[in-house]
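Per TrEMBL, the features are as follows:
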type	residues	note
BINDING	175, 176, 177	beta-D-galactose binding site
ACT_SITE	175	active site, proton donor
ACT_SITE	301	active site, proton acceptor
């Protein structure tokens, strides 16, 4: 089922909140502004339904939305060094909105535009946006479509597609902050995290990749068998200290098993498994959120590798003229039990 509600206005346009509801009572709400996911309502082990993403109290707060709560970001997620890149001998200059760098597509990125929405079927809505040639410095007229779908297997599926009339970088993602305690009752430090990844990217002080791909073996970045977020971020590892006692790091996914990432909260019993066809995932533990929200959400940003346009050893994020880009990510919600997602033998 898809519900629609007018919740605000920006200039002369209505802000519409859509809500997907499945037969098990799970709900996903989002706006046509920025594609922002405002709520994901899911049950705990006692059947209590609560919001498991960080949200602003007022819809109008999403118009600035500096932390990118729940937003679609792009054209290119993450940072681009010096807000520039060279492609086919041409240097492209992007909007600087993170010191000397560009982040998440610039000032007018996907999180700050109105998306055209249409109900595709009873459990899915398609969002469309046409980014004009030169927007934030990027070449090509880029047609983007994102579909939000919630099925009765308690899977929330985000599918991205894009096509450009010129060669251009394209690397979108979703920037929700998950907190499985429900209604933000606790921080996420005692959440348990599994990542099917044996390699991560080393970061410099400005959070840009140094170009070094590091093994997780023997480090606090080894989440292959799982560990609490506290165990990693409260360590004295140079990389977590650099990230303000947190994680803000890209992991290269090993693509083994049923899921790429599993997040769980023992207190509520909630868990969430993530499967994607993207090559990597950026894990951000909210260490630089405002003091009252520090460590209250974890971003699981499935995407290509950050600053790939300036690192030839990284998988390319450039699409050719007329080439169709497609990627999708599944977020499966559950409650821990003997048959839980995380306990299955075929897990990651």
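Using the three backbone atoms N, Cα and C, a Cβ is placed for every residue, glycine included.
Within 8 Å of the centroid of the Cβ atoms of 175, 176, 177, where the record puts beta-D-galactose, the same chain has further Cβ atoms from 37, 53, 54, 68, 69, 70, 71, 174, 178, 297, 299, 301. In this structure, the C-alpha atom of residue 301 (active site, proton acceptor) lies 6 angstrom from that of residue 175 (beta-D-galactose binding site). The Cβ neighbour count for residue 176 (beta-D-galactose binding site), using a 10 Å radius over every protein chain in view, is 27.
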